[in-house]
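Database features, via TrEMBL:
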type	residues	note
BINDING	G12, A13, G14, K15, G16, T17, R127, G172	ATP binding site
BINDING	T33, R38, A59, L60, V61, G87, Y88, P89, R90, Q94, R133, R144	AMP binding site
REGION	32-61	region 'NMP'
Amino acid sequence: MTARLVLLGPPGAGKGTQAARLADELGIPAISTGDIFRANIKGGTELGKKVQAITASGALVPDELTNDLVRDRLAQDDAAEGFLLDGYPRNVAQVAALDEILGDRPLDLAVEITADPTVVVERLLKRAEIEGREDDTEDVIRHRLDVYAEQTAPISAVYGERGLLVQVDGIGDVDDVTARLLTAIGTAAR
Ligand code: AMP
């Protein structure tokens, strides 16, 4: 199968960790809009300056900026045979933008990692201690979860209606979750 995939799930569900593992296993690039924003902020680029305060608050970066960034990234050679998007699309308008970007080579599957909100808050607070991410303070985490519930969670239903959604339990051992994800992707591809 070609593998044009999006990985969905709340902040703290383990998307970043699992995206890297799946990408390795499937031989496709993992593309994280959050990572791209963080790299730009660190590098002090124009884009970084525009998005720093927004990402630090836990709000979403404006769609035009994010959609353009994804359009450029998906046009690169390494994404020609497939990709795994992590953290995009993040609202229903971005779903439509991605449809337009992909044109006649649409998505194969949307894989959602599910996790209980209390578990994800704990995980994110732990990550804050380890990685020191600016948006991992308790207030900002709660705001990011609200943004997720209001703007991002509805995406699952959109892909569900298209018959493209698979859901995988994200609680448990990291290796077990990877195995579950690979099984779900493999089964859906058949
Ligand atoms: P993440 O690493 O995916 O949790 O993203 C970190 C932050 O980057 C988010 O809280 C947003 O501020 C911003 N961001 C990442 N992806 C998107 C997106 N698809 N649309 C808008 N903002 C985004």
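Each position is counted from 1, following the chain as shown.
Each residue, glycine too, has its Cβ placed from N, Cα and C.
Among the binding-site residues T17, Y88, G172, the ones whose Cβ sits under 6 Å from an atom of ligand 1 are, in sequence order, Y88.
When the neighbouring Cβ atoms lying within 10 Å are counted for each of the binding-site residues (K15, R90, R127, R133), the highest count belongs to K15.
In the three-state DSSP classification, G172 (ATP binding site) falls within coil. Our reading of the AMP binding annotation (T33, R38, A59, L60, V61, G87, Y88, P89, R90, Q94, R133, R144) yields a largest Cα to Cα distance of 25 angstrom. Look at the binding-site residues A13, V61 and count other Cβ atoms within 10 Å of each Cβ; V61 has the fewest. Secondary structure of the region 'NMP' (32-61) per DSSP (helix as H, G, I; strand as E, B; remaining residues coil): 23 helix, 1 strand, 6 coil. Across all of the region 'NMP' (32-61), the predicted model scores a mean pLDDT of 97.
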